[in-house]
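K.L.:
Starting off with a structure, shown below.
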Amino acid sequence: MSPRTAPPRFGPLQLALAAAARRRPPWTCSWTAGWRRSTRGTATPLGRAALALLAAASAAAQACSWLWLRSDPPALRPAVPVLLLAALHLLQLGFFFRCLYALKVGWRVCWARAEEEDEQRHMAFISHDISMLRLFETFLENTPQLTLLLYIVLRTNKAEISQGLGMVTAFLCVSWSLLDYHQSLRSFLQDKYELSRSSSIVYFLWNLFLICPRILALALFALLWPYGMAVHFSLLWLALFLWVSLQGTDFMESAGSEQLYRAMVAVILYFSWFNVAQGSTLHRSIIYHGFMLVDSTLLGLAWLWGRPPEEEEEHSYLVPVVSAALPCYLLGLGLRVTYYKWLHPNVRLRREGRYDEVDANGGGDGVEFRSFLEPDLVNRRMQWLAQSHFSLSQPAQQHFLNGDAAV
């Protein structure tokens, strides 16, 4: 496979995926019904906290979508009255509108007789916005729902088929959203190898094996101490927010909206690794995964040691599950190292005796981005994201866990 030198093509498959982007998560109804049955009409502390987080997360995602639309150059904005756009976002329909708009642009690109390069690049930028918002929705809305559903199943010791299928689908969707985001961000760059099928599978699996033990540890700790779960999230979120702030992100247009972005990223980091700063990610990744490994282990041990004696027999089946969580997490880390050691697209470049154009000595100090024919139409936030994820400039920095270790 050779590097792409042309803008990406969008066919019927991409249009269908864009149309399905706003589909309601399959586990939403099942966790709501289970929660009502398990609490018998009274809300649990964890349930109230989760619902409050979901409401705030939905509002934050809609605010990001609105701020992005307002900061885009006029040529990139949909030809829709501002008041109508504002109303759609207030009604929590901003993301849905973006998907419909992407369908419209994608249909025009897919079936146009005369290929318009700017239209194809415009579609790439729109798709990346949708991918970013879907990632926010996954970790700010769907992943807390998944944790709550797992808590309900463990508390009631009962699970319907729909709940079991919903949880399996949810875990797969969380991992898929990370892969989709990474592929979308990589397609934003010029002259980059795409992920091969084997690379994509390993990338998907490592995220799956890292996320599953994390969510299990959170659900078990909530089973032991629901109020403690709220305290744990608040303290850890604050620490992660400060960590993101110290890395000096510059994603949004204003200082206030930048704080909103950092707060949302801190929620993502509560569940999964997410790179937000330029430069080598090796040391930051080691610090993050080491901290999460210790935190999740302590949560699991707290449940093992603190569970009431009357529940030991009832939840005896969880002991081998908890025991397998640590090997699962370590397997995920091993797959991550395997990916960057042998399966990363840059490995193929090194085998051919060359590097990505953005990493070559004579290729400049920055990243070569896909851009519109008119420089004023470049989307600044996407350019910053690509710089954060693909910012190497010297072959000596081509370590398997550096530079392109984006998410």
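From the backbone N, Cα and C atoms, a Cβ is placed for every residue, glycine too.
In case it's useful when we look at the structure, here is the feature table from TrEMBL:
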- 46-68: transmembrane segment (TRANSMEM)
- 80-103: transmembrane segment (TRANSMEM)
- 164-181: transmembrane segment (TRANSMEM)
- 201-223: transmembrane segment (TRANSMEM)
- 230-248: transmembrane segment (TRANSMEM)
- 260-277: transmembrane segment (TRANSMEM)
- 286-305: transmembrane segment (TRANSMEM)
- 317-339: transmembrane segment (TRANSMEM)
K.L.:
Who are the long-range neighbours of the transmembrane segment (260-277) in its own chain, taking Cβ under 8 Å and residues 6 or more past its ends?
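P.N.:
Apart from its flanks, the transmembrane segment (260-277) reaches 57, 60-61, 63-64, 135-136, 139-140, 143, 174, 178, 207, 210-211, 214-215, 233, 236-238, 240-241, 243-245, 247-249, 251-252, 284-285, 288-289, 388-389, 405-407.
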K.L.:
Tell me if the transmembrane segment (80-103) touches the transmembrane segment (317-339). I count contact as 3 or more CB pairs below 8 A, with pairs 6 or more residues apart.
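P.N.:
Counting Cβ pairs under 8 Å, fewer than 3, so no.
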K.L.:
Considering pairs 6 or more residues apart, do the transmembrane segment (286-305) and the transmembrane segment (201-223) have at least three CB pairs under 8 Å?
P.N.:
yes
K.L.:
Pairs of Cβ atoms less than 8 Å apart decide it: which stretch in 46-68, 80-103, 201-223, 230-248 has the most with the transmembrane segment (164-181)?
P.N.:
201-223
